[in-house]
Each structure stands twice: as structure tokens, then as C-alpha cells.
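As recorded in TrEMBL, the features of this protein are as follows:
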- 21-50: compositional bias 'Basic and acidic residues' (COMPBIAS)
- 21-51: region 'Disordered' (REGION)
- 56-79: transmembrane segment (TRANSMEM)
- 133-333: domain 'Cation efflux protein transmembrane' (DOMAIN)
- 136-154: transmembrane segment (TRANSMEM)
- 177-199: transmembrane segment (TRANSMEM)
- 291-309: transmembrane segment (TRANSMEM)
- 315-337: transmembrane segment (TRANSMEM)
Amino acid sequence: MPPNAILTAQINDTDDIGIEEGERTNTVDRQKCKNDHNSLSKKEEEHGEDGPTNEYLLNVAFISFFGFCILQGSVAFVAQSQAMIGDTAAMGVDALTYLFNMFAEKKKNKPLEDDGITPLSVRKHEQKVLRLKLEIIPPLVSVVCLVYVTYSVLSDSISTLLDPVEADAEDQPNIQLMFYFSALNLAIDMLNVGCFARAKKALGYLVIRKDIERYGDDKECRSECIQPFFSSHKDGIVDVKNSASYSSLAENEYETQSDFDEHIDDEENVKTEEINLNMCSAYTHVFADTLRSITVFIGAGIASMYGFSPEKTDAISAIIVSFIILISLGPLLGGLVKSCAELRALLRKASEAKDREAEILLVV
């Protein structure tokens, strides 16, 4: 065999070996990417990205509030304090709210499931709709319950102040019990506020949830992991017969790989922060309960030190507590309106996409 032929054969063999090694390397890299992502997701699930996770915060809040609610509820009737009864009822609503928030957080943070049929864009759309519903329903229920409880306590307190004869006929509230339990309640509130502060979520309406990409933090790793999804679409074009236009819910979902990398760059430069109404609702309740505890504590202290009428002091404290609750609901209501508008826009977008799908099928 001529030397040139031998050299050419060796070069071809070397190229084949290089291609095989490259394919093996790509396979290993993809597997490593998936393993790293799974490890990262597991770590974040257990410990959270920045301190305690949302579920941990809600667990602490639920256990502490529910336990103290039972204890204070039994004492509130003995003390005959409208402020304590109102605070206990509000804490019961708080505890149930934390329980619903915790369920919603677990439900909405479940990873996307690939059934092999539904396009990725549709699954992302459905997950976002579910997330919005879970962030609207629990806070809305808690708002309605809090408004009802507040109205009941407020009306009783006002009638106590406006009807002194009826007030004098009743037993006087136990100021000492009010003072001690409001101090204990304040300590529990500080515990929960401290937990929220450790998680950098102690800002009420400004509670932020960062959307972490499910393909890891590294842009190249994400592109490589998602590459197989686009490989089945030649030149980034989707066959209309095999893929309904409903998948157009996420714009530019089926792009070429270079376009997709560009899309990732844009996502890196845009803030992907949004309001988490579940955590906003939870912190609103913690913050409102802290202010209620401070109000009852100060009212009991003033009545004890200056000899004011315990019943009138308690009624005034209850009125102040009621207004604090109503004011604290403002930011949460604003977030609910925003999320409802976003959910409505998503549902309208899905409806329009289905209409386009029907038109395309009729044409085809």
C-alpha cells in the first residue's frame, strides 16, 4: 500500500476515534449536567438557596401559632378580654392560613413532569396557571376570614364604649392575664419575624421569589441539557400536524439552538423576581399579630399603671387591633389584584391559542 494511502487511513481512523471520543464526552457531560442539577435541586429543597426554605418558615409559624392559639383561647374567656378573644380568633385564622400556604408551596414547587406527549411550553403554561391559582385562593380565604373576625371584635368593642351601663354590668377583664399573655405572644411573634428575616423575606409585600431555572444555574449546562428537546425539530420548525398551535403559548419556544441561547442571555439580564403571595400572606399575618400583641401589651400596662377602666382600655385596644389588621391587608389585596389580572391574561392567551389551533386544523 502506498505511504500516502497508509497515512490517509491513519488520519481517518484518528478522526473516527476523535468523533467517538467526542460523542462519549458529550454524553458524559450531559449526564454530569443532569446529575449536578439533581444534586443542586435536592440541596435547595432540603436547605434552601438563602437560609430557611418557605416550607420551613410556614412550619414554624403554623406550629407556634396553633399551639399558642389553643393556650390563649382557653385563657381569653377566663380573662374576659375582648382584645385577647379577637387576637386568639385572628391567630386561629393565621395558623390555618400558614397550613394552606404550606400546602400551596409544596404543590406549586413540584417539578415539571414529562408525559412524552405534551409540549414543554404547554406544561410550563399549565404550571404557571396552577401556581397563580395556589397563590390566589389561600390568601383570599384568609382575607375573608380576617375581615369577618375583625368586624365581630370591632362591633363588640364599639358597643362596649357606647353602652357604659351594659359594660359596668359585666365583669372586668383580667389585666394581669392580658399583660402576661400579650408578652408571651410578642415573644412568639419575634421568633417568627426572626425566621423570616434569616430567610431575607421580612418585607411583607416585597417578599420575593426568585425563579430558579430547572436546568441548573449555568447557562451552557442548561442549553446542553435542553438540546435534545430541539433536536427533533429540524431547523427549529414544527410540523403543524404533529404539534398543535397551543404550544405557541410560550413565544419562541421552538427556536434554533442559537436563538435559544440568545433567549437564555436575555433571561439572565432580566430580573426574574416576582411576588410570592403565599409568603406575602404569611408575613402579613405575622406582622399584624406582632402589632396586635404590642397594642394589647401597652394597653394592659397603661390600665395597670394608671388605674384606667380595664374594660374601656380593653375595648380601645381591641379597636386599635382591628384597624391594624385591616391596614395590614392593603398590600396583600394589591398583590391579589395583580395576580388575578395575570391569571386572567394567561387564560385568555390559552383560549386564543386554542382558537388558532382550530383554525389551522380546519385549513389543513
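Cβ coordinates come from backbone N, Cα and C, glycine included.
TrEMBL: automatically predicted annotations, no manual curation.
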For the transmembrane segment (56-79): best-contacting stretch of 136-154, 177-199, 291-309, 315-337, by Cβ pairs under 8 Å: 177-199
Residues from the same chain, set at least six apart from the ends of the transmembrane segment (177-199), whose C-beta lies under 8 A from its own: 48, 50-54, 56-57, 60-61, 64-65, 68, 72, 75-76, 78-79, 81, 83-84, 87, 91, 283, 286-287, 289-290, 292-294, 296-297, 299-301, 304, 314
Other parts of the chain folded back onto the transmembrane segment (136-154), taken as Cβ under 8 Å at six or more residues beyond its ends: 82-83, 85-86, 89-90, 93-94, 96-97, 100-101, 103-104, 277-278, 280-281, 285, 318-319, 321-322, 325-326, 329, 332-333, 335-336, 339-340, 343
